[in-house]
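*Asks:* Feature annotation from Swiss-Prot assigns domain 'Obg' to 1-158; the stated evidence is sequence analysis. Taken from Swiss-Prot, the feature domain 'OBG-type G' applies to 159-325, supported by sequence analysis. The GTP binding site annotation in Swiss-Prot covers 165-172, 190-194, 211-214, 278-281, 306-308. Swiss-Prot lists 172, 192 with the feature Mg(2+) binding site.
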């Protein structure tokens, strides 16, 4: 499946049905009076989040979306039926913007819904305009037009852990070894061309990890492919920085990524960060210890060591305990789907 994280679509909510102008016609009733019914409301266009979708691929093939119009009213005070709402499922983490680039809605939680295009109100039938001074009104109103607009959808993947690092650091191998993620793995730059999600289950708890591809020097300016995916790091609560321990200068490798995060969005470097020296099976134990101490002294952080032979249980266990503790201390979030 292709990964699409941005799309532009045209929305047209349903028009309201027209009201009806009619009069009661029955035998032996000379002046039956007005009995025109109201028109039905037009259908709304609703966006809703789904756990079963992780891309905006649907909108590559469906760029014009129209809801059903309301039906007109009829005699005997019968109201027209309202048009059906269209409910469009999008991934959690989707943001909706209007043509001016103003945020309409941020769909960042499960089972979130928002009406993006409001259907038109149905017209009023002439039965509603009968008064003591006007017993036979012929007046009725037309249904209102439904909203129409162009919107832009932008997906920012939400995960517990964002895996960052230079190409070939072993991010995809790490993700694949500890989750059920099916990622392409090879020894050349930019093997991973799109974000991959994986779910690890440790100590009966769930941990969602995202492999963020393409981070190199100048990524924030568009070099490599990192500028397309730096935005996904914004939605990761914690960063897992993987460094290839076979590199001559691991400090430079570390600072290269940190600099790109800072230049893209200075808030990113304030995210909690765990550091892993990867591919430790390719070096002597003495050399690994030396590099671990060097990086620990420089970053003032605990350094984990990993290799393809490890099951990474200790690293994941530490991460999941940290995330669980962090979530336990978080403020409860109450969502109102109609308060944009």
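Just so you know, glycine gets a Cβ as well, placed from its N, Cα and C.
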*Asks:* Here are the binding-site residues: 171, 279. Which has the lowest count of other Cβ atoms within 10 Å?
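*Replies:* Comparing Cβ neighbours within 10 Å for the binding-site residues 171, 279, 279 has the fewest.
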*Asks:* Residue 172 (Mg(2+) binding site) has how many other Cβ neighbours within 10 Å of its own Cβ?
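*Replies:* Summing over all protein chains shown, residue 172 (Mg(2+) binding site) has 22 other Cβ atoms within 10 Å.
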*Asks:* Could you check the binding-site residues 168, 306 and say which one's CB has the fewest neighbouring CB atoms inside 10 Å?
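*Replies:* So among 168, 306, the binding-site residues given, the one with the fewest Cβ atoms within 10 Å is 168.
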*Asks:* Including all protein chains displayed, how many Cβ atoms other than that of residue 213 (GTP binding site) lie within 10 Å of its Cβ?
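*Replies:* Result for residue 213 (GTP binding site): 25 neighbouring Cβ atoms inside 10 Å.
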*Asks:* If you count Cβ atoms within 10 Å of the Cβ of residue 165 (GTP binding site), leaving out that atom itself, what do you get?
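*Replies:* For residue 165 (GTP binding site), the 10 Å Cβ neighbour count is 26.
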*Asks:* For residue 172 (Mg(2+) binding site), which of these binding-site residues sit within 10 Å, Cα to Cα: 213, 279, 306?
*Replies:* 213
*Asks:* Going by DSSP, is residue 306 (GTP binding site) sitting in a helix, a strand, or coil?
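*Replies:* Reduced to three states, the DSSP call for residue 306 (GTP binding site) is coil.
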*Asks:* Tell me whether residue 171 (GTP binding site) sits in a helix, a strand or coil according to DSSP.
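*Replies:* DSSP call for residue 171 (GTP binding site): helix.
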